[in-house]
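Okay, structure first, notes after.
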């Protein structure tokens, strides 16, 4: 319970901060609160995940502090929105990238997600991304667009390619998260509101996926195939949500992609827009594979017995379909 | 004013008379055309067509009549218009006369054929198409006639369609004609896009026309009139019945190409390249055909090659910028060539289907009228003074000698004249003279008037036609009047030389045992290796390319390598490569992060 409280506290501090030190403090509180959550199950993989998480996040926070210090040294103030020193902008971008999990700093993310339970993974993918995104938003006017675009395109590409070869659902969702982060960062210097919109919609969709998978306890693709026996209605909505993540038009997930592409073309970045659309086709493929496994086909043997039922029922799984 | 009215009306009347037997059976139930009715129709049409011709001769009146316009687009109209000038006026009676004679002959030749009425209707349809071509005032109508004669030629050559060689020959004819049609359509397209009209009058502007449309027209003439390069179909077309050969492939269809060039002569006048091309092409064709005719043993093939040779001569005339003279040669050639074919048809029937001249001989005693007409025809072909061929052929050679053009073409033409004399005499000797080589029981028969009358009529025409036509045709260019004695008699001397050669060769055959093969003989008898070389090569190439495109290009490269499967392979490669990167070593991760940060800081 207290961990939840600390998490909330940390997030609030970061969001409402105006000074670099308070931002850093909030981020540190978040990190420290999540570490025991990850390692709750005392599994070696979980411990390893926790360690990796700690190392990377600590590096990131240190870098962030470093950049704010150099900025303070050169400009004499600690305001978040007044980030004028170019190297510190770059360093800050790198730090936030590590925190979020953008390429080329994304390597920790799949393993950490794999090591944690499904609910913690949910937390990591949605709630923990929120403070760094806020910082990015606050400083978006002074960041280097080239760097951000490069990292974003690479994220989308790598998220697509890596996701193709996975069978563990948590890793698949990790790569989908990396990919969506790419979509978010590509538009941040041109229209930060779209980043926010993407983030909200993405967290909504991922939440429903994670919760659905939690109630049917599917950690692998093979488990996914028998999930129709446990909660058939849930299975159907899972399919729709997955396709929404992929970005198919009548579903909600299409909206951020469409607006981002429109914004990019307004900025005369049509090649970029085309490239990222093509690369998200790779993501579409593994979403379709998940859909195929869960809903469209039936496994060779049928099991009629119900396995575990979690107590929490998934909420708002229907909203992504609207 | 009334002259024009009479002219137009009589011309239309002629046309209507010819069209009647084609359409009446469709309209009336109990009217069936028979060969007799068709022949009578053509005879009537001939007599009627003499009226516009005489009107034209005495008044020099040209007329262009336009009916019913087809509004193709807003500013491109194609009227149905007939041009009645010297060419079409003179061509009508000649064509109708020849057709009448041929139809009368065919009544006896094809008497044993159960579908004789269909045969006659085909011939009439062909005639209609040919006359449309002649009368046309715009390229559209000419094209209709052009294609019409092509199709009828196909149907008529393969009349005995159970015979494989006949079908192959018909296909050959159509294919070669089609290649020529490409040229015609190209010229028509150029005319439509540049001059915005297909009317003959609009084509005649004094400026120099670019070579491209003229090349197209020359290609069309090469295909239709069997000039060298697109010539193999004409000897092969001898698979059809003799009336077909007489009508199509001697007098009318094969001159369609030359006629096209005559009609579009003002376009050709100013373009030296096109004229030289015509000249050389014609010279080449005439010599080649004459060479091939020297060693032929089939009587019909000899006459076919002689047609080819004369067509080359007509092309030479076009190249000399003398369309009227070419037309004169067309007209006179029609008479004696048709007669030669009919004579050979009669001989073939008499010998019960024998076409090889090595198995004929001494026919002068058994078929006197036919062989006399054969001799007359051959002499007219050679250009004997004051027969029909003399007026055109001698004039052509005179003009050739006194012009400032290509000497090589001149030499070839003279040589071809010599050869003409040689093979004609060879044919005459082997068929008529000396001792008989035919089998003993043959149905020799030339008693039926239906066979004899056409032949004698055409013989009369061969004799007087030249004189008649030249008396009444006003030349547009002054013919050369004065030239040295040698030049004037060049044609006669060449012909006499040829005759002497032939007599010598005929004498030599009495002492020879078995002719040895030598290169020249091989060249001549296999028609210059042309058929053998081109036919197989071009078709295998085409089919092979087609197969390559279908399998290699489409299936293999586009689907497998570059298209969908290629993309899928690329993605698989990328996916596998990136999976091996993510091994789980935190040291690697942190070091890569550090490196990336360094790179970022340094570059930006």
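Every residue, even glycine, has its Cβ placed from backbone N, Cα and C.
The following features are taken from TrEMBL:
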| type | residues | note |
| --- | --- | --- |
| TRANSMEM | B:6-28 | transmembrane segment |
| TRANSMEM | B:40-61 | transmembrane segment |
| DOMAIN | B:72-120 | domain 'NADH-Ubiquinone oxidoreductase (complex I) chain 5 N-terminal' |
| TRANSMEM | B:87-107 | transmembrane segment |
| DOMAIN | B:136-418 | domain 'NADH:quinone oxidoreductase/Mrp antiporter transmembrane' |
| TRANSMEM | B:142-161 | transmembrane segment |
| TRANSMEM | B:173-192 | transmembrane segment |
| TRANSMEM | B:212-230 | transmembrane segment |
| TRANSMEM | B:274-295 | transmembrane segment |
| TRANSMEM | B:302-320 | transmembrane segment |
| TRANSMEM | B:326-348 | transmembrane segment |
| TRANSMEM | B:369-388 | transmembrane segment |
| TRANSMEM | B:408-431 | transmembrane segment |
| DOMAIN | B:423-602 | domain 'NADH dehydrogenase subunit 5 C-terminal' |
| TRANSMEM | B:485-506 | transmembrane segment |
Dominant neighbour of the transmembrane segment (B:326-348) in B:87-107, B:274-295, B:408-431, by Cβ pairs under 8 Å: B:87-107
Cβ-Cβ under 8 Å with the transmembrane segment (B:6-28): same-chain residues at least 6 beyond its ends: 37-38, 41-42, 44-45, 48-49, 51-52, 55-56, 61, 63, 65, 82, 84, 92, 96, 121, 124-125, 127-128, 131, 135
Per-state residue totals over the domain 'NADH-Ubiquinone oxidoreductase (complex I) chain 5 N-terminal' (B:72-120) - DSSP helix, strand, coil: 29 helix, 11 strand, 9 coil
Mean of the pLDDT scores, which run from 0 to 100, over the domain 'NADH-Ubiquinone oxidoreductase (complex I) chain 5 N-terminal' (B:72-120): 86
